[in-house]
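Have a look at the structure below, then the notes.
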Amino acid sequence: GGGCGACTVMVSRYNPREKTISHFSANACLLPVCQLHLAAVTTTEGIGSTETRIHPVQERIAKANGSQCGFCTPGMVMSLYALLRNQPQPSLEDIVEALGGNLCRCTGYRPIVDGCKTFCGVRMSVMRHLESLLVDNAGVPELFHEGDLLPQDPTQELIFPPELMLMAESQRPLTQTFCGERITWVSPVTLRELVELKAKHPKAPLVLGNTGVGLEMKFKGILHPVIISPTRVPELYEVNKTPDGVWVGAACSLTSLKTLVEKLVRELHEDQVETFSALLQQLRSLGGQQIRNVASLGGNIASAAPNSDLNPVLAAGRCILSVISKGEQVFNFTHTSQGSSHMSTMGSVEVKRFSVFSSSGEFVRAFRQAPRKANALATVTSGMRVRFAQGTDAVEDLAIFYGGVGPCTVGATKTCREVIGRRWNEETLNEAYRLLLDEISLPPSAPGGKVEFRRSLTLSFLFKFNLQMLQKLNEMVGLTSRSSRSEPSWRWQVRPDCSDKRRLTFGTCRSQEVSQGQRGDDLVGRPVMHRSALSQATGEAVYCDDIAGSQGELFLALVTSTRAHAKLIKIDDGEALKLPGVVDAVTAKDIPGKKFRTFTGIDEELLAENEVTCVGQMVGAVVADTRQHAKQGAAAVKVVYEDLPDRCVLVLLTSQEAIEKKSFFKPQREIERGNVTEGFRKADQMLEGEIRIGGQEHFYMETQSMLVVPSGEEKELKVYLSCQHPTYAQESIAETLGIPSNRVSCHVKRMGGAFGGKVTKTSILASITALAAWKTGQAVRCVLERGDDMLITGARHPVLANYKVGFMNDGRIIAADIQYFTNAGNTGDESILVIEKILLHIDNAYSVPNLRGRATACKTNLPSNTAFRGFGVPQSMLVVESVINDVAMKLGCTAEEIREKNMYKGPSITHYKLQFDPENLLRCWDECLQKADYHSRRTTIAQFNQSNRFKKRGIAVIPIKYGIAFAECFLNQAAALVHIYKDGSVLVSHGGAEMGQGIHTKMQQVASRELRIPVSLIHISETSTNVVPNTCPSAASFGTDANGMAVKMACETLLQRLEPVIREDPKGTWQSWVSWPNVVSLCRGPDTYMDWKKQEGQPYAYFTYGTCCSEVEVDCLTGDYQTLRTDIVMDIGRSINPSIDIGQIEGAFMQGLGLYTMEERKFSPSGMLYPRGPAQYKIPAVCDMPLKFNVYLLAGSSNLHAIYSSKGIGEPVLFLGSSVFFAIKDAVAAARKDVGLGGPFKLDSPACPEETCLACASCFVQMVPVPKPGSFQPWAIDV
């Protein structure tokens, strides 16, 4: 829906009047083809390819290691390409702005920005050189060399098609009408015709950028029989400057408006541009670049969105709307919420908007708070204007408007009326806060929730406005008297646009040195570009939905439950089967084999048959000749429910409700070391607490995708899918259809991200798709839309944890008891394995002599949660570190002191009796403290906090000890098949699935070393169950370990067969030695096990260690934060490919940052998931990168338990994102200290702006009354 940017293209248009060509980026998913008359559309395939010549943009992103899974890469390429067509030498700020509308779930953005900033020119090279002088990296190779890159030559870019220029010059504009199956699209060319069309079709929407109507139609199913597109009406683009202000045409894009406003701010006197400056501030963060390029000013105003960014500013700035209706009557409205509403109900057309020049003594300011710094819908916005009498602080006029606190833009007219005529001082403003709180009110159940937070923001914004006006008054006439403030000005600093003034700097991300004497063509240990990076950047990489369709292919759409818990009476597909294009429908009754999947001993229905247990549970599917027809057919299926008997009617949504009703999946797990009760008795102090950790959506860029093709004469099925465990999918399909597994072959070329979410749920979806193919005898394709994917497939487990800890006065923790409750959802899935891993990591890096952990998977009526990168460890360790943090606050010392005091030291043993040496853990800790300059920065932060009342900084250092391998021994095995052909080329097949982690690239490096040949001779095609059978899942950071050893053993066997030939002809070539050898090698992994009865075992082969230090700055009035710097030191042994591993480190860190500080999954009281796409669910974007991001690989490390002394790295670093969470908590503690609150306090995860702001407990938060729990039904619930 335009929020991820993966489909970004460049649109070019020729203006025959001005003889100019414009280029801009846009989201293809929102770009109506009907609007593209005379436009040229360029995709990444159009600017370069590996077959001809790659473009410098494609090359630099690829070679900078900015492409992992690659699904987002074409969009990144085209966003940058469009920027370069307009600015051949952009600034780093231009690049960050251009990429603001593109999301990446893999890389962490740093390598993408690194590749892009090579276009910044000489000054950037000088800056990089100067910064490199400050870092000691002597002898350590860079991850990529800028000197090897293709030069940028703007003269060689594609020209605008001459035929389109001729058509634009010669053709007379004519009205265009497009008639579809259900919609008629009309594009008029004159204003009169537009008004007549609107009068004839008053309910028809006017579509310019399609950023509003397009989303409604796609995701809400709203049908508009007639759509009017006025993009070709020239009057709507006119801009006219008058002595009093500027008229701007309603069809002007937001980008055009931003360019115009920037020009006016530069050219006009500063007294005249107050409204323009405020508008500019909002425009910089309104949507992504692609959205701003097509969204119109008129559409933004007319939509009258409750949380509009522009409407409050326009209203406060006394802007005027000019509207024309039938009969050419022109109406001018002052821009208020009433004006916008009146305009939209008249069936009129907004023509232009007039912005009034401000005058001397008049000031306009804009404020906004959003879940993410950029490209996010605002939570609350505000526009405020004040005019002071000449030479005084008397208020002549005041206007305050808010968005996000009502059904439309809301004005605080009563408050303004009371302030006008009074002096602008503390007494006046204190009265204004009280009046404002009464005037702008929200009911506790208000849509959108966050009521307490939103109400506090209305006060905080006015306070910020007050501070800025005091500064202005002081600059003008020195009127800030003692009565205007209660503390010195330096104590009340609130810097507007503080984060915008800070810039990304160049962090340190270097490779490692290879062993002395290593062959030059041996690439193990060297930074090697991802083998598919170039094809991903050029758009040539094939994902599941890119596979060409076959004749008669059908498309599948799912039918899901709308009830959280009910009896399923009937699934009526009669109306659906009558619709055009619909071929058939499938339900549980059509399944010839097993109707359920069993995982960890718990059954899960493929399709609900008698009862539904969550909203989003799959109950059937419809297949049709097109995606749209299948979607319409699924919507037409009528599902009849019946309430369950009273004794079964319970709908359990939260862990707390499940605990009360004892609704659990068995078994519950417990582990204990020492005597916890005795430890508590001996402790000097005791502390108890609770913490909630929210779930996390996988948000892989490629949604669940699969294609099932019946083939052969013996009822065979070829299955192409995006899946981490193709063998499990194969088994599921075979059992569902009641056929042998040898009739099903599953093929995985690559995945556009997975993160654990493409194992169990993918297998179920593949089984349903295979059922449809089996029933119809046709190929069937299923590609979930983002909203359905998020609704159906589950997420990371939310956790509720209670803890009790006993500690000594010197900070030693001698006893701890922690109880975890995970919200598993309606089925077991992998939840039992998740709680086991939670308990196995309950110690993290600390030796607690008396330690007890208990974990329970709660059965609720939410969609079943599943595996996610880290598999319970991120939740487990956050609780442990929260305990450490609270102990430190209780003792009045830093958390780092408590961590050091309790860390494992010397030969150690875990709570499950596994012996290990923590030397590298301690080395990571010490090196991180030193490289991050922690102690010096801690002092500087204390000084900053002492000098700033509402800006606080915090810092935290977090260690990790993460177990690598599956605790279930049979999952640690792998197999590989290596063919050597007569021409010397080598084909490697293995059981690992490529999802961006670079496993195929590393396998090429392994084969290259073992066979002593260049990687150019080695090819890896795909992962396929008919080549390498009985594979294990690509998960648990063990894919390289297992498959790498299998490839190594296979190559060693082949080389042994070739040794006699080589001895006879030692001067021969590789091609002369080889014949037809090929071999399958099975690698049996480490003998891991865990005995839960004895509470002991060896569940892991080894540990990956690391430490992360992060510093943040928090705005205590809004809860917004900026990560100023992050330093990571990781022990990953001897990396096989440092560029890929560092990319995994950065990507995992950013995903962890999202988990702990941003990403919220909200459910309605009836169990419906609210966020169903990027518009509502915010993952980190480029604006969330640490301003300085340093990654160091621990030198001199080795690992005897994995291939080439490497270590698994995919999962461990995600937890280190919690360093930002604890840095925020450190900053919040400083804020609380200023209001007299000390000691431990509760901060749940994610520490989003709402949680952070409320925890800061500013005077404005304390002014907002808190409704009594149970007295109202909340809009959303914490699950």
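Each residue, glycine too, has its Cβ placed from N, Cα and C.
Listed in TrEMBL for this protein:
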BINDING   C4, C7, C29  [2Fe-2S] cluster 1 binding site
BINDING   206-213, 296-300, D309, R368  FAD binding site
BINDING   F871  substrate binding site
ACT_SITE  E1211  active site, proton acceptor
Fill in: Those residues of the chain, 6+ apart, with a Cβ under 8 Å from that of L206 (FAD binding site)
K198, I228, S229, P230, G298, G299, A302, V349
Fill in: Greatest C-beta neighbour count within 10 angstroms, which of the binding-site residues C4, C7
C4
Item to complete: List the other residues in this chain whose Cβ sits within 8 Å of the Cβ centroid of the [2Fe-2S] cluster 1 site residues C4, C7, C29, in sequence order.
Response: G1, G2, G3, G5, A6, T8, N27, A28, L30, G75
Item to complete: List the Cα distance (Å, whole number) between N210 (FAD binding site) and C7 ([2Fe-2S] cluster 1 binding site).
Response: 15
Worksheet item: Of the binding-site residues C29, G212, S296, R368, which one sits closest to E1211 (active site, proton acceptor) when you measure Cα to Cα?
Response: C29
Response to the item:
Here the Cα-Cα span from L208 (FAD binding site) to C7 ([2Fe-2S] cluster 1 binding site), rounded to a whole number of angstrom, reaches 19
Worksheet item: In sequence order, which same-chain residues at least six apart have a C-beta under 8 angstroms from F871 (substrate binding site)?
Response: G756, E830, L833, V834, K837, A1035, A1036, E1211
Practice prompt. Round to a whole number and give the Cα-to-Cα distance in Å for the pair N300 (FAD binding site) and C4 ([2Fe-2S] cluster 1 binding site).
Written response: 20
Worksheet entry | Spatial neighbour of S296 (FAD binding site) that is closest, considering only the binding-site residues C4, C7, C29 and their CA atoms | C29
Fill in: Residue pair R368 (FAD binding site), C29 ([2Fe-2S] cluster 1 binding site) - Cα distance, angstrom, rounded
28
Item to complete: Identify, among the binding-site residues G212, G298, the residue whose Cβ has the fewest other Cβ atoms within 10 Å in this structure.
Response: G212
Worksheet item: CB neighbours of C29 ([2Fe-2S] cluster 1 binding site) within 10 A?
Response: 17
Discussion item. If I take the Cα of G212 (FAD binding site) as reference, which of the binding-site residues C4, C7, C29 has the closest Cα?
Written reply: C29
